[in-house]
Amino acid sequence: MASPRTVTIVALSVALGLFFVFMGTIKLTPRLSKDAYNEMKRAYKSYVRALPILKKMGVSSILLRKSIGALEVACGIVMTLVPGRPKDVANFFLLLLVLAVLFFHQLVGDPLKRYAHALVFGILLTCRLLIARQPEEQPPEKRILLVNGDEQTLAHEAAPEKGKVKVS
């Protein structure tokens, strides 16, 4: 049976991956929701207007929206389908992306209800990354002790069972 840590990481990876695939797709195409797509277009225009350095660098609202959308879709697919270390890399990129989006929302003065989802998913990404980076707990070592020619299995002395006190 899978450990609770593994189940948590897999559940968070799939849920977060699907969310970011969905949100990235909304930024890229109006096929899922024309209203949400138009709202994204409007929002990214205000982000570029609020940060003139983007315009000086040649970054238009369309390029910014499509770049962020494509990165969300790519990282979401990795979080959902690809095993191992690439999930952590995708998680990290999505966390940086969420921080950038939160910065944009603050820059234009959006109310909390407009960016609460980004805040929640940023916290979930942080939790997933912290859980994934923790070392997995190893069971205590077992040793075989020969006593008068008989084998006896002993648990490692340094790791007493939980809830029990070692008395000498």
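Cβ coordinates are placed from backbone N, Cα and C, and glycine is handled just like the others.
Annotated transmembrane segment per TrEMBL: 6-26 (among others), in sequence order.
Here the transmembrane segment (89-108) has long-range neighbours at 13, 16-17, 20, 46-47, 50-51, 68, 71-72, 74-76, 78-79, 82, 114-115, 118-119, 121-122, 125-126, 128-129, 132, meaning same-chain residues at least 6 beyond its ends whose C-beta is under 8 angstroms from one of its own. Among the features that TrEMBL reports, transmembrane segment is placed at 89-108 (among others).
Here TrEMBL flags 114-131 (among others) as transmembrane segment. Counting same-chain residues at least six beyond the ends of the transmembrane segment (114-131), those with a Cβ under 8 angstroms from any Cβ of the stretch are 5, 8-9, 12-13, 15-16, 19-20, 88, 91-92, 94-95, 98-99, 101-102, 105.
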